[in-house]
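**Student:** According to TrEMBL, the active site, proton acceptor annotation covers His67. For Asp68, Val71, Gly73, Asp75, Ser77, Glu89, the entry in TrEMBL reads Ca(2+) 1 binding site. Per TrEMBL, substrate binding site is recorded for Pro165. Taken from TrEMBL, the feature heme b binding site applies to His195. The Ca(2+) 2 binding site annotation in TrEMBL covers Thr196, Asp242, Thr245. According to TrEMBL, the disulfide bond annotation covers Cys36-Cys116, Cys69-Cys74, Cys122-Cys318, Cys202-Cys227. Residues or ranges marked as domain 'Plant heme peroxidase family profile' in TrEMBL: 26-322. Among the features that TrEMBL reports, signal peptide is placed at 1-24. Residues or ranges marked as site 'Transition state stabilizer' by TrEMBL: Arg63.
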Amino acid sequence: MAYSRPIFFGFLACTLCLISGTSSAQLTHNFYSESCPQVFGVVTSVVWAAIAREKRMGASLLRLHFHDCFVNGCDGSVLLDDTATFRGEKTAAPNNNSARGFEVIDTIKLNLEEVCPGVVSCADILAITALKSVVALGGPKWTVKLGRRDSTTANFSAANGGAIPPPTSSLTTLINTFQAVGLSGHEMVALAGGHTIGKARCTSFRAHVYNDSNIHPLFATLRQSNCPPSSGSGDENLAPLDIVTPARFNTHYYKNLIRKKGLLHSDQQFYSGGSTDPQVELYATNPVSFGMDFAAAMVKMGDIRPLTGADGEIRRNCRMVNW
Ligand code: HEM
Ligand SMILES: *[C@@H]1O[C@H](CO)[C@@H](O)[C@H](O)[C@H]1NC(C)=O
Ligand SMILES: *[C@@H]1O[C@H](CO)[C@@H](O)[C@H](O)[C@H]1NC(C)=O
Ligand SMILES: *[C@@H]1O[C@H](CO)[C@@H](O)[C@H](O)[C@H]1NC(C)=O
């Protein structure tokens, strides 16, 4: 039987976790190897097609996994639409008019429901999608852990209230926000390398390019030219997070920080005379070191409070709870 192994190992893991007193089973590398061996092929082909249409989509998909994991763990909560009984996370400040790629996740889910109905969670789809997006744009690989289950609710107030740090954050706030989900300052600086791809809106970088002093003056002028100073006008105008190679996953993000060309206030915090400067310098000159640290930190981020065993559910449609 296709699904007997995950259930057996889930049972075994839960017997062990009862003995050790923890409540959740472990994620595993081969969770779907019997129940849905097609999972990687399906995700990869949809992700590659989406990135072929628009390179930025790889960035948007990576960010969805981050925003999922930081709010009540990696449980697919970011994908839920609003309902009569709860408010979803999509209109929370970090996501409103910003989080994107939901249609790509829908397509993956639709294709997976055809080949292995009711088997692959939306939370796992996000984790695999993040990996395949990074690889498609030239970044490192990691062995993704699987077996997450999906939440039956979302948490607007957590998503809105600082679980995901705003771009105005100080280094101390950033460190504390990552610490709150069990990630170290070192892991944070590696994960921030995600900003080697993708774009931000004027509203996210306006204050930095007009009012901060730790910014290259010509870079500030360039970014001001497409971001009017008063809020309301041009809020949605986009600029690349990495000015050099916006659609290649590499270490230019860190090189930019050394030249004071970080787009967000929060980006430049990692190279402004504080404790993280040496790590930025290391990654700027050592792509192998960055790749290894980023990969390891992605696995760790993917391990934030997953639902496992009999908790949660496998959603049939990532946008809504089963009924
Ligand atoms: C360190 C704390 C972080 C802060 C303060 C932060 C903040 C932001 C902001 C403000 C944007 C632009 C949103 C917009 O204007 O629409 C953004 C975009 C992005 N973030 Fe982060 N972020 C952080 C960490 C991360 C991490 C850990 C990842 C993934 C590993 C990540 C991946 C991305 C990507 C790929 C984009 C571009 C998305 C797109 O083009 O659609 N960020 N981030
Ligand atoms: C989200 O954005 C829309 C469109 O700009 C806006 O009307 C709405 O008030 C925003 N929602 C929240 C919760 O800020
Ligand atoms: C939502 O998140 C807040 C923390 O911001 C927490 O106190 C609350 O228990 C969470 N609610 C649910 C339903 O998980
Ligand atoms: C810059 O700072 C001044 C003084 O605090 C403030 O009035 C102005 O709104 C700020 N401008 C931007 C674009 O943040």
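Note that Cβ sites are derived from N, Cα and C of the backbone, with glycine treated the same way.
In TrEMBL, annotation is done automatically, which means it is predicted and not curated.
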**Student:** Taking the center of the Cβ atoms of Thr196, Asp242, Thr245 at the recorded Ca(2+) 2 site, which other residues in this chain have a Cβ no more than 8 Å from that point?
**Tutor:** His195, Ile197, Pro240, Leu241, Ile243, Val244, Pro246, Ala247, Arg248, Phe249, Asn250, His252, Tyr253, Asn256
**Student:** What is the total of other Cβ atoms whose distance to the Cβ of Cys227 (disulfide bond) is within 10 Å?
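**Tutor:** There are 23 of them.
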**Student:** What is the pLDDT of the domain 'Plant heme peroxidase family profile' (26-322) when averaged and given as a whole number?
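**Tutor:** Averaging the confidence scores along the domain 'Plant heme peroxidase family profile' (26-322) gives 98.
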**Student:** Express the distance between the Cα positions of Glu89 (Ca(2+) 1 binding site) and Cys36 (disulfide bond) as a whole number of Å.
**Tutor:** 29
**Student:** Scan Pro165, Asp242, Cys318 for recorded positions whose C-beta lands under 6 Å from an atom of ligand 1 and note them, or write none.
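**Tutor:** Those recorded positions that pass the cut-off, since their Cβ is under 6 Å from ligand 1, are Pro165.
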**Student:** Please name which of the recorded positions listed here, Cys36, His67, His195, Asp242, is nearest in space to Gly73 (Ca(2+) 1 binding site), Cα against Cα.
**Tutor:** His67
**Student:** Tell me, by DSSP, whether Asp68 (Ca(2+) 1 binding site) is helix, strand or coil?
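**Tutor:** Looking at the DSSP assignment, Asp68 (Ca(2+) 1 binding site) belongs to a helix.
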**Student:** Spatially speaking, which of the recorded positions Cys36, Cys74, Thr196, Cys318 is closest to Asp68 (Ca(2+) 1 binding site)? Use C-alpha to C-alpha, please.
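**Tutor:** Considering only the listed recorded positions, the nearest one is Cys74.
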**Student:** From the Cα of Cys69 (disulfide bond) across to the Cα of Arg63 (site 'Transition state stabilizer'), what is the distance in angstrom?
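**Tutor:** Each residue's Cα considered, Arg63 (site 'Transition state stabilizer') and Cys69 (disulfide bond) end up 10 Å apart.
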**Student:** What Cα-Cα separation, expressed in whole Å, is found between Thr245 (Ca(2+) 2 binding site) and the residue listed as 'heme b binding site'?
**Tutor:** 11
**Student:** So how many other Cβ atoms are close to Cys318 (disulfide bond), meaning within 10 Å of its Cβ?
**Tutor:** 22
